[in-house]
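Asker: From TrEMBL, for reference:
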- His39, His66: heme binding site (BINDING)
- His225, His230, His246, His249, His250, His308, His312, His333, His334: Zn(2+) 1 binding site (BINDING)
- His330: Zn(2+) 2 binding site (BINDING)
- 4-83: domain 'Cytochrome b5 heme-binding' (DOMAIN)
- 177-197: transmembrane segment (TRANSMEM)
- 203-224: transmembrane segment (TRANSMEM)
- 259-278: transmembrane segment (TRANSMEM)
- 284-304: transmembrane segment (TRANSMEM)
Amino acid sequence: MIESKEILVSEVKKHNDKSDAWVSLDGQVYDITSFMFEHPGGSDILIEHLGEDISEVFIDGAIHEHSEVAFNMLKSYHIGRLAGYRKPEGKQTVSEYIKQQKLKKQQSNTSNKISYTSDNTIDENILKLVDPTKPMVPQLKYLVGPNYMKWIHSQTGLKKIIIFDNSILELFTRWPWWYIFVLWIPIITTALIYSTLQEKSSVLSSITTFFIGLFSWGLIEYILHRWVFHIETTSYWGNFFHFFIHGIHHLTPHDHSRLTFPPMFSVLIGYGAFKGFLKFPDHWHLTGLPWAFYAGVACGYMLYDTVHYYFHHADIEWLPQIFKDIKTNHLNHHYKDDAKNYGVTSPIFDYVFGTFDK
């Protein structure tokens, strides 16, 4: 922190707009302009507090609860300290309050599932094991046992990272989000048309099956996110595998060039599913339904990647409130409790499996 820079309260009050947003908390001043659209509660909840001290609202669970990870992430927006600030006598700071609440949650936790965002102390010694300005892959070997998972979920303030020390490999880790349409729309269209052309198929049955596949994606997404992407790993190769399938995203959710699944992985998974669908009995293929279902699931995936990008990098004011609520649910998964809200495009299966948390 730049402790030497003092900022007057009157100066903070001038920065009270979405395009120029400052706040103060515990006597420290933060420029959160670049975080407005990425705030888990949406930008609307912040507007009325811009240019003000947010210490009270930051710990008000009725408005929007914050974890220690969220508090630590705020530090990356620090620009100075509030001139003349004195800690109120007999009153906890926000940092003290959050640590106390976390301890209470740890003591009341009766499940075996660990939330690395809300239940574990951020150990500065673990953070020092890896230099975030250097390539990540060569440094994974320093994160022994559970330290890897703690590290992944305590670094959500990183804007960008370098993955490989090889520039060519590094190039293939970044992709524009819109590539998914170029890749998947032709595949989806071809599969659906192919379905309608089969001997015992009909347009109605193909379209119906397509939508069944589309809505089935919600369950597939939940299963993958909860039991594959959030697999507990402690070995080097386990950590290596997790890092590439999901760790990168939790480590740096702000990096828009690494938000969608890399094309090479998407193609491999899509091809694997294609080969699997070829195993269906011949009389099923005559109906065309397997390919209509395949098209629906693929469409669900494409929409998932699109919505996911919006959740992290956009704040469209005219969208219905339900989309804003789902966005908040997903960002709470990142910054509040990574053991909750696994459903990205829909909270339905979080309700079914008891992992929904508003």
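A Cβ is built for glycine as well, from the same backbone N, Cα and C atoms used for every other residue.
Note that TrEMBL annotation is computational and uncurated.
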Asker: Using a cut-off of under 8 Å between C-beta atoms, tell me which stretch among 177-197, 259-278, 284-304 contacts the transmembrane segment (203-224) the most.
Answerer: 284-304
Asker: Where His250 (Zn(2+) 1 binding site) and His330 (Zn(2+) 2 binding site) are concerned, what is their Cα separation in Å, rounded?
Answerer: 12
Asker: List, by number or range, the same-chain residues at least 6 past the transmembrane segment (177-197) whose CB is under 8 A from its CB atoms?
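Answerer: Same-chain residues near the transmembrane segment (177-197) but 6 or more away: 203, 206, 209-210, 256, 259-260, 263, 266-267, 270, 288-292, 294-295, 298-299, 301-302, 305-306, 309, 313.
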Asker: Can you break down the domain 'Cytochrome b5 heme-binding' (4-83) into helix, strand and coil residue counts using DSSP?
Answerer: 30 helix, 20 strand, 30 coil
Asker: Of the binding-site residues His225, His246, His312, His330, which sits closest to His39 (heme binding site) by Cα distance?
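Answerer: For His39 (heme binding site), the spatially nearest of the binding-site residues is His312.
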Asker: When you tally the Cβ atoms that lie within 10 Å of each candidate's Cβ, which of the binding-site residues (His39, His66, His225, His312, His330) has the highest tally?
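Answerer: That would be His66, with the highest Cβ count within 10 Å.
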Asker: Excluding the flanking five residues on each side, which residues at least 6 beyond the ends of the transmembrane segment (259-278) place their CB within less than 8 Å of a CB in that stretch?
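Answerer: Sequence-distant neighbours of the transmembrane segment (259-278): 172-173, 175, 177, 179-180, 183-184, 187, 245, 249, 253, 290-291, 293-294, 297-298, 301, 305, 308-309, 312-313.
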Asker: Would you kindly give the Cα-Cα distance separating His225 (Zn(2+) 1 binding site) and His66 (heme binding site), rounded to the nearest Å?
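Answerer: Rounded to a whole number, the Cα-Cα distance is 23 Å.
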Asker: At 10 angstroms around each C-beta, which of the binding-site residues His246, His250, His334 has the fewest other C-beta atoms nearby?
Answerer: His246
Asker: For His330 (Zn(2+) 2 binding site), which of the listed binding-site residues (His225, His246, His312) have their CA atom within 10 A of its CA?
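Answerer: Close binding-site residues: His312.
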